[in-house]
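Asker: First, the structure itself, so that you have it in front of you.
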Amino acid sequence: MNLHEYQAKQLFARYGLPAPVGYACNTPREAEEAASKIGSGPWVVKCQVHAGGRGKAGGVKVVKSKEEIRAFAEHWLGKRLVTYQTDANGQPVNQILVEAATDIAKELYLGAVVDRSSRRVVFMASTEGGVEIEKVAEETPHLIHKVAIDPLAGPMPYQGRELAFKLGLEGKLVQQFTKIFMGLAKIFLERDLALIEINPLVITTQGDLICLDGKLGADGNALFRQSDLREMRDQSQEDPREAQAAQWELNYVALDGNIGCMVNGAGLAMGTMDIVKLHGGEPANFLDVGGGATKERVTEAFKIILSDDKVKAVLVNIFGGIVRCDLIADGIIGAVEEVGVNVPVVVRLEGNNAELGAKKLADSGLNIIAAKSLTDAAQQVVAAVEGK
């Protein structure tokens with residue numbers, strides 16, 4: 001679950017981290033009033049959406065008058081912002097963040113993620129702030145410095161100083177950086193985060209560090225014990241199909257293709273998408289129904305997949321381990337009958353009672369194509385989309 005920038009900065013303030021004075025506003029009038037609270041300009045106005053690249057898309061602007069603030073708010077509130085990180089529809093802009101402008105001398109980067117290979121929280125810092133860290137990692141990886149947090153000892157001040165020295169910081173900036181590092185680590189661990197990022201972390205012309213931007217991603221599996229973070233959730237920023245899938249404990253991610261995929265198991269789902277691509281198709285989604293692929297969940301999965309108007313065919317790929325394939329077949333037949341599927345459905349069953357499941361599909365009289373293998377399934381679903 002992602003948070004907005006203003007929400008991230010609210011958390012920063014609770015933990016004593018430096019950030020510009022700012023207010024999240026829902027109307028143009030509130031935006032003007034926020035500027036008055038902050039004081040004399042210039043100010044920075046920012047669209048609040050769960051996506052990067054806002055500046056290049058016109059969603060961030062430095063303004064010198066309240067008239068400009070009102071004009072910006074009137075232009076963006078209620079509209080959708082399209083960036084390189086969104087789809088063609090963009091994300092809805094429901095709030096504008098108005099902040100005091102900051103005089104920037106240098107931009108840095110500081111962030112943390114859970115590193116699965118080391119099974120630790122790893123902090124990353126770089127002198128290349130203000131740009132995508134993925135781009136820095138690809139083009140100049142030597143400019144990214146890392147420290148891993150020991151799960152028993154926790155974050156240590158010397159680790160913050162180590163990163164500060166590698167960034168070339170001196171004097172009071174080392175102390176300020178270490179405080180920010182320790183604060184971010186505390187937020188990350190206490191709030192069960194999956195991602196925290198300050199990009200950029202800036203050195204002002206007065207020689208101080210300021211968290212100019214903030215990005216937080218909470219671990220959805222830990223939200224049950226983070227009630228205040230749950231209340232910050234903005235479902236308007238989420239794909240409606242993904243939100244519906246989450247209610248049924250289905251792992252769904254919308255993509256841009258036209259072949260709907262329903263699979264049990266995340267690894268098998270990724271492999272299914274790969275082989276569809278290999279044979280010239282484009283997956284419309286990632287959907288893992290998990291081990292408990294009951295008729296009800298399969299039915300709901302079909303509804304979610306078919307709510308995407310781009311879907312021209314559906315590929316169901318089920319490996320029956322604990323779950324019997326004949327029961328899965330019953331679920332598929334029931335779901336197709338209930339939902340009224342009007343596109344070709346290709347089904348590949350493998351494992352426990354696979355032959356019985358395939359026979360049930362063949363005898364159902366429905367527009368269901370039984371595939372003999374995963375390759376055969378991919379070829380058939382691509383051919384169905386192409387009308388062959």
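Cβ from N, Cα, C; glycine included.
Since the structure is predicted, the reported quantities are computational estimates derived from the model, not experimental observations.
Positions annotated as domain 'ATP-grasp' by Swiss-Prot, on the basis of sequence analysis: 9-244. What Swiss-Prot lists as ATP binding site is LYS46, GLY53, ARG54, GLY55, GLU99, THR102, GLU107. Under the heading Mg(2+) binding site, Swiss-Prot lists ASN199, ASP213, citing sequence analysis as support. Residues annotated as substrate binding site in Swiss-Prot: ASN264, GLY321, ILE322, VAL323.
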Asker: Express the distance between the Cα positions of LYS46 (ATP binding site) and ILE322 (substrate binding site) as a whole number of Å.
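Answerer: Checking the Cα atoms of LYS46 (ATP binding site) and ILE322 (substrate binding site) gives a distance of 50 Å.
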Asker: Using C-alpha atoms only, work out the spacing between GLY53 (ATP binding site) and VAL323 (substrate binding site) and round it to an integer in Å.
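Answerer: Here the two Cα atoms are 44 Å apart.
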Asker: Have a look at the binding-site residues (THR102, ASN199, ASN264) and report the one with the fewest Cβ neighbours inside 10 Å.
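Answerer: Least crowded of the binding-site residues THR102, ASN199, ASN264, by Cβ count within 10 Å, is THR102.
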Asker: Out of ASP213, GLY321, ILE322, VAL323, which of these binding-site residues is nearest THR102 (ATP binding site) by C-alpha distance?
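Answerer: So, spelling it out, the nearest of the binding-site residues is ASP213.
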Asker: Around the Cβ of GLU99 (ATP binding site), how many other Cβ atoms lie within 10 Å? Please give the count over every shown protein chain.
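Answerer: Its Cβ has 22 other Cβ atoms within 10 Å.
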Asker: Quick check on the binding-site residues LYS46, ARG54: which one has the highest count of other Cβ atoms within 10 Å of its Cβ?
Answerer: LYS46
Asker: Taking Cα-Cα distance, which of the binding-site residues GLY55, GLU107, ASN264, VAL323 are within 10 Å of ASN199 (Mg(2+) binding site)?
Answerer: GLU107
Asker: Starting from each candidate's C-beta and looking 10 angstroms out, tell me which of the binding-site residues GLU107, ASP213 has the most other C-beta atoms.
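Answerer: The residue with the most neighbouring Cβ atoms within 10 Å is ASP213.
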Asker: Tell me, how many other CB atoms lie within 10 A of the CB of GLY321 (substrate binding site), whichever protein chain they belong to?
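Answerer: Its Cβ has 13 other Cβ atoms within 10 Å.
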Asker: Pop the Cα-Cα gap between ARG54 (ATP binding site) and VAL323 (substrate binding site) into the table, whole Å please.
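Answerer: That separation, Cα to Cα, works out to 45 Å.
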Asker: What is the separation, in Å, between the Cα atoms of ASP213 (Mg(2+) binding site) and GLY55 (ATP binding site)?
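Answerer: Approximately 12 Å lies between the Cα of ASP213 (Mg(2+) binding site) and that of GLY55 (ATP binding site).
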Asker: Out of GLY53, GLY55, which has the highest number of nearby Cβ atoms, where nearby means within 10 Å of its Cβ, if these are the binding-site residues?
Answerer: GLY53
Asker: Other than its own, how many Cβ atoms are within 10 Å of the Cβ belonging to ILE322 (substrate binding site)?
Answerer: 8
Asker: Count the Cβ atoms, other than its own, that fall within 10 Å of the Cβ of VAL323 (substrate binding site), considering every protein chain shown.
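Answerer: VAL323 (substrate binding site) is surrounded by 21 other Cβ atoms within 10 Å.
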